[in-house]
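Record features (Swiss-Prot):
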| type | residues | note |
| --- | --- | --- |
| BINDING | H40, K53, V54, E66, S67 | glutathione binding site |
| DOMAIN | 2-82 | domain 'GST N-terminal' |
| DOMAIN | 88-226 | domain 'GST C-terminal' |
Amino acid sequence: MGLELYLDLLSQPCRAIYIFAKKNRIPFELRTVDLRKGQHLSDAFAQVNPLQKVPILKDGDFILTESVAILLYLARKYKVPDHWYPQDLQACARVDEYLAWQHTALRRNCLRALWHKVMLPVFLGEPVSPEMLATTLAELDMALQVLEGKFLQDKAFLTGSHISLADLVAITELMHPVGAGCQVFKGRPKLAAWRQRVEAAVGEVLFQEAHEVILKAKDSQPADPTLKQKMLPKVLAMIQ
């Protein structure tokens, strides 16, 4: 059995892996896991990943979870162009620096924005107070300021003059609040221009394909009561 990727393009880390594999022509079998149907909560899925999360990479008997680990595995195994994850010590460290920061900063805030603005009230039928939503969006704004001020600055891409894994991970995170209707690029010309460069670098068709699901998140159908009961505690823990 060749390379298998268990993904749902509703998930921002899954989108990053999907784009990376497609852009670098890495052959893989897509195993779609529909999160909104609770497929990740099944006993069968738990046999693949006891954490019951996507993404998952399966390469023969080797199973790997966690999106950054998967991206690095693919970059190393398939000898992708150096700009994605450079050999140069300091250039590589810059990519690592961003990937270390984003987990608890940009990712958390983008995830909370999507769930507080759309997925909790629309998909799970759970109201979110205006105060909670305002706090969430203010924290997202602060993370965007750091993204622009510390990481992007006046460069073409987050870590230099070429696209890297840092840019790919960042843009897929930012499309979460975009999918919720947040104007994250409005009033931020540097970030808006960076987004255009990232889209051009990966290819606009591939970019749109990967983000079709998240851009329709507002149209999600309400979860059935049984699924809601199973999902709600996990969701609340995830977005704390």
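Note that the numbers count up from 1, one per residue, in the order the chain is shown.
Keep in mind that glycine also has a Cβ here, set from the backbone N, Cα and C atoms.
Owing to the predicted nature of the structure, the values given are computational and were not obtained by experimental measurement.
Here the features listed in Swiss-Prot are painted onto the structure.
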residue	record	Cβ neighbours (10 Å)
H40	glutathione binding site	22
K53	glutathione binding site	19
V54	glutathione binding site	26
E66	glutathione binding site	16
S67	glutathione binding site	26
Per-residue pLDDT averaged over the domain 'GST C-terminal' (88-226) comes to what? 97
Env. residues of glutathione site, Cβ within 8 Å of mean position of H40, K53, V54, E66, S67 Cβ: Y6, S11, P13, C14, N49, L51, P55, I56, T65
Could you state, as a whole number of Å, the largest distance between Cα atoms of any two of H40, K53, V54, E66, S67, the listed glutathione binders? 16
